[in-house]
Every structure is written in C-alpha cells, then in structure tokens.
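Colleague: For reference, the structure I am asking about is given below.
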Amino acid sequence: MPELPEVETTVRGLATVLDGQVIRRVAVNRADLRRPFPEDLAQALTGARVTGMGRRAKYGLIHTDRERTMVFHLGMSGRWRIDPEDIGKHDHLVLETGEGRVLSLNDARRFGSVDLVDTGRLEEWPPFAALGPEPLGPGLKARHLAKAFEGRIAAVKLLLLDQQIVAGLGNIYVCEALYRARIHPEREGGKVSARALGLLVPAIRAVLEESIAAGGSTLRDYARPDGELGYFAKDWRVYGREGEPCQCGGVVKRIVQGGRSTFFCPRCQK
C-alpha cells in the first residue's frame, strides 16, 4: 500500500501539471472503486480551476475554485499517470486540463477511493475528524507521543500505526523509524522512555523526508505520476531484510504484529 511518502510524491507530481489549471474534461470509466464515485464528480470538476494541492495522512487533495476538494486514496495498487500513451481498463478516472494534459487514476485492484468534500469542512469529514497530527508537521512532538502512549500495554509498533495517534504512518516507515531510534517494536507503549521518544520523533521525520526525496518506495504497483520508480527501498535498513546483517553485527529478524510483518534488529533495538 502506498504510504505517506508515496502519496506526497504523487501530489507533488500531479501539481506540476494540474495546479492552477482548468479541468476541461472528466471521464469516469466505472461506477466505483472501493466505494462508488460521487454521482456529481464529473459535473463538479468539469470547468473547475485547480487552486491548490495537498495531502492529509495517506489521502491526496485537489482543491478547486468551486470550494470543492477531490480527495483520493490510492488503496493497495492505485497510482496516477500523467499523459499515458493509452487509456486502459484500469484507468478508472481521467482528467484533461485546458492545456491538453491528461491525468489518469489507474487502480488494478480497486481498493482506492475518490470523494468530493466541501473545502471548508475538510477537517470535519469523518475520515479526517479523528486523525492524529501530521508526522512532518509541528504537532508531532515527543510529549504528544508520551501522552498517547501513557499506560498503554500495546506494542509501540502497533500504536504508531494507529492513525488517531499519528496520521499517515505505515508499516515500512514505522519499522525504519523504530530501528533508527533503537526501540524494540514489541516494547509496550507505556514503557517507552522519554529519552527514546525524543529520538523517535526526529527518526520518523528523517525516514519520511529521505523517502520523499527519493520518490518513495516502489514495491509492486507504485510508480510516480511521471512513470519513474521510487528509490528509497535501496536505503531500507531493516524492512524486507530478514536474515541479513545489521550494521551493529546482529541479524535482522522478522515477526508478525497485527497481521503485518515487522523487521528489526534484536541486538540494537531494546
């Protein structure tokens, strides 16, 4: 599943051809993805000017001058394509700008979603209302995590994946951040020290910023809107490296937490 860096990279790529442009044509090529497309999607977007782009958690935002925002989620396999050579069966939504640029939302597994939300009420929209702070924003501080983790016996790895605690973190980057902060993923949240939390926050930010700079991490279906792959996977220190040596001389181990693979070094993560 595309995580925060992949969505941020996607939004930035789309902005290069969409921001400030009028959407001349909208083609909705099927009725639904994970849930139905808004019935008025084509009508609401046709002729609208894009006034800005953004991201909240793992959602991309396309703001228009009609005070409506198109909110998209890439699901498991979704990606946007800019000026594709052809429109295939998995290109379920197509936008054409006044300058003739074409953007298609391609989603083979159809776990993504597209919604229309009143721009002024975005934070009240149910999927956003309970979200925690953005990990790259000023709201994520060690004291925020300390309060959220206080008295919790759940593993710190699982708590960091809770979108109500921190918005947008996913499996890959939580594994990598915990490794950099030298925190064992199974440690109870309430037992993570203030010192460790002080290391964790900058580790989260560093991992995300480095991944965004590398264009994200390409696993199976993800690619940037320009068709290029994300290259952060080559910099993974533990994720996907079960049995490989750690820099400390230990060996990377894999366990399962909450149905997801966790990678860590038992020697240097305590």
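Every residue gets a Cβ built from N, Cα and C, even glycine.
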Colleague: Looking at Swiss-Prot, R109, R152 are annotated for DNA. Which of H90, H184 sits in that same site?
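Modeller: Candidate in the recorded DNA site: H90.
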Colleague: Cα-Cα separation of R260 (active site, proton donor) and E3 (active site, proton donor), in Å?
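Modeller: Checking the Cα atoms of R260 (active site, proton donor) and E3 (active site, proton donor) gives a distance of 14 Å.
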Colleague: Work through the active-site residues one by one (P2, E3, K58) and name whichever has its CA nearest to the CA of H90 (DNA binding site).
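Modeller: Closest by Cα distance to H90 (DNA binding site) among the active-site residues P2, E3, K58: P2.
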Colleague: When you put K58 (active site, proton donor) at the centre and draw a 10 Å sphere around its Cα, which of the recorded positions E3, R109, R152 have their Cα inside it?
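Modeller: Neighbours among recorded positions, in sequence order: E3.
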Colleague: Quick one: Cα separation, P2 (active site, schiff-base intermediate with DNA) versus R109 (DNA binding site), in Å?
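Modeller: With distance taken Cα to Cα, R109 (DNA binding site) is 13 Å from P2 (active site, schiff-base intermediate with DNA).
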